[in-house]
Amino acid sequence: MAAPPIQQETAPWLLENGSYKVLTKEARQGHGHSHHGRTAHNMSSSSLRKKSDLTLVSKVQCGLLRSFLTNLQEVILGTKLSILFPAIPLAIVANYCNFGRPWIFALSLLALMPLAERVSFLTEQIAYFTGPTVGGLLNATCGNATELIIAIFALCQNKIDVVKYSLLGSILSNLLLVLGTSLFCGGLGTLGKQQKYDRRQADVNMLLLFLGLLCQLLPLLFRVAGGYTTVTTVAALQLSRASSIVMLVAYVVYIVFQLWTHRQLFEADEEAGEGQEEETPVIGFWSGFVWLVGMTIVIALLSEYVVATIEDASNSWGLSVSFISIILLPIVGNAAEHAGAIIFAFKDKLDISLGVALGSSCQISMFVIPVCVIVAWIAGIDMDLNFNTVETGCLAVAIITTAFTLQDGTSNYLKGLILLLCYVVIGACFFVTTTPLSKIILYCHLGILGIPSRVR
């Protein structure tokens, strides 16, 4: 029996178990028309998706096989980054065949790019069935799943520097690279007029970033003022753990603010986001859930490869671990969202671009970083919020510069260019540094080194 034609406007269909199912009017109101409070993350990632042609799949007679092929086509081939999926088996084969470890690192990084975009896609699909609130919570949790998983694996291998560097790099890349490129490209695309955006969402995000900066700055000042002794080390660690709890409380309140009390500030504009193109889900709830679990497992496997081979890649490529962690990991891990933010900036939809850059930065600063500190605390690992002098200084300058850039609610290409140049200078700083800065400071304090650093 031939499948009924799909009419998005009059009869939104749901694909589940290989068959088509019509949504009732009530279900349609619950699933489709509200856009489920689609966030900027969802809108940004959707710009890299492509519609699947299900003509051949719909002719398959076996319902189970048709369901599997439909899901496979929508999830694997439904993105413009599908060309990078072969990197997943290549990375696994390279690991088990003991290929060069830098190759394993590079293939794993490439494979993480489409997976990160697909996780965003799957959380949005699940949100059609769970409703906007649960969908928003799921998106808030999974939005930076790649960074969190990499950080957890690095913690398990006691590579605390990699954890701190990668999370710091995510914040810097979002504030300076992504936002800078978005403002620059948007300014060039609208040379005849001045771009405007809603300042209210940006103000909330910047306040949270300043709170996160304070929590990271105090342990550093504590250590510098008291000297690098056992007493100050323990006190800074205790302060960091207390601050992490405060940050998580602030993040929970932020989620309540975002999903309930002031939801209208964070919902992407339906017309601006062109949400009418994806008003109905393309896969079923359980299909999406299984795919999400499977892709999370694959991300975890690849993250383990990345963490295990990062030092070998550093030695082979002649790049410092700090440069790879702060610059390369965040760029590759969030490439899909970054590209989407830039595309929407070109279309004069800066609110979505700002939502991606600032929202992701807040999530890393106020959720992922304190979670890592608490997980390390539970595991008996001493991880504090002291990100060292240069790293914290770069973060402070990035946040302050971004705050000044966004203070008047207007944008032009010069503002974006300044943010980009700040990112270039920070990248150059970590490129020339080959010795971990924390060890340099410690060695200098102990009088072991006569020269403060070893640079390339």
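Each Cβ is built from the backbone N, Cα and C atoms, and glycine gets one as well.
Quick look at what TrEMBL annotates:
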REGION    26-47  region 'Disordered'
COMPBIAS  30-39  compositional bias 'Basic residues'
TRANSMEM  75-96  transmembrane segment
DOMAIN    103-260  domain 'Sodium/calcium exchanger membrane region'
TRANSMEM  134-155  transmembrane segment
TRANSMEM  167-192  transmembrane segment
TRANSMEM  204-222  transmembrane segment
TRANSMEM  242-261  transmembrane segment
TRANSMEM  282-303  transmembrane segment
DOMAIN    288-426  domain 'Sodium/calcium exchanger membrane region'
TRANSMEM  323-346  transmembrane segment
TRANSMEM  358-379  transmembrane segment
TRANSMEM  385-406  transmembrane segment
TRANSMEM  413-434  transmembrane segment
Review point. Where DSSP helix means H, G or I and strand means E or B, what are the helix, strand and coil counts for the domain 'Sodium/calcium exchanger membrane region' (288-426)?
Key: 115 helix, 2 strand, 22 coil
Exercise for review: Report the listed stretch (75-96, 242-261, 385-406) having the maximum count of Cβ pairs within less than 8 Å of the transmembrane segment (204-222).
Suggested key: 385-406
Exercise for review: Go through the chain and flag residues at least 6 beyond the ends of the transmembrane segment (323-346) whose CB is under 8 A from any CB in it; none is fine as an answer.
Suggested key: 40-41, 43-48, 79, 81, 109-110, 112-114, 116-117, 120, 144, 146-147, 150, 161-162, 165-166, 168-170, 172-174, 177-179, 181-183, 185-186, 189, 272, 306, 310, 313-314, 317, 352-353, 356-357, 360, 391, 427, 430-431, 433
Point to revise | Same-chain residues near the transmembrane segment (358-379), Cβ under 8 Å, at least 6 residues beyond its ends | key: 39-41, 140, 143-144, 147-148, 151-152, 155-156, 160, 163, 167, 170-171, 174-175, 178-179, 201-202, 205-206, 208-209, 211-213, 216, 240-241, 243-245, 247-248, 250-251, 254, 266, 334, 337, 385
**Study point:** When counting Cβ pairs under 8 Å to the transmembrane segment (413-434), the leader among 75-96, 167-192, 242-261, 282-303
**Key:** 167-192
Point to revise | Other parts of the chain folded back onto the transmembrane segment (167-192), taken as Cβ under 8 Å at six or more residues beyond its ends | key: 144, 147, 151, 209, 325-327, 329-331, 333-334, 337-338, 341-342, 344-348, 350, 353-354, 356-358, 360-361, 364-365, 368-369, 372, 387, 391, 394-395, 398-399, 401-402, 405, 411-420, 422-423, 426
Exercise for review: Six or more residues out from either end of the transmembrane segment (75-96), which same-chain residues have a Cβ under 8 Å from its Cβ atoms?
Suggested key: 48-52, 103-104, 107-108, 110-111, 113-115, 117-118, 121-122, 282-283, 291, 298, 301-302, 305, 336
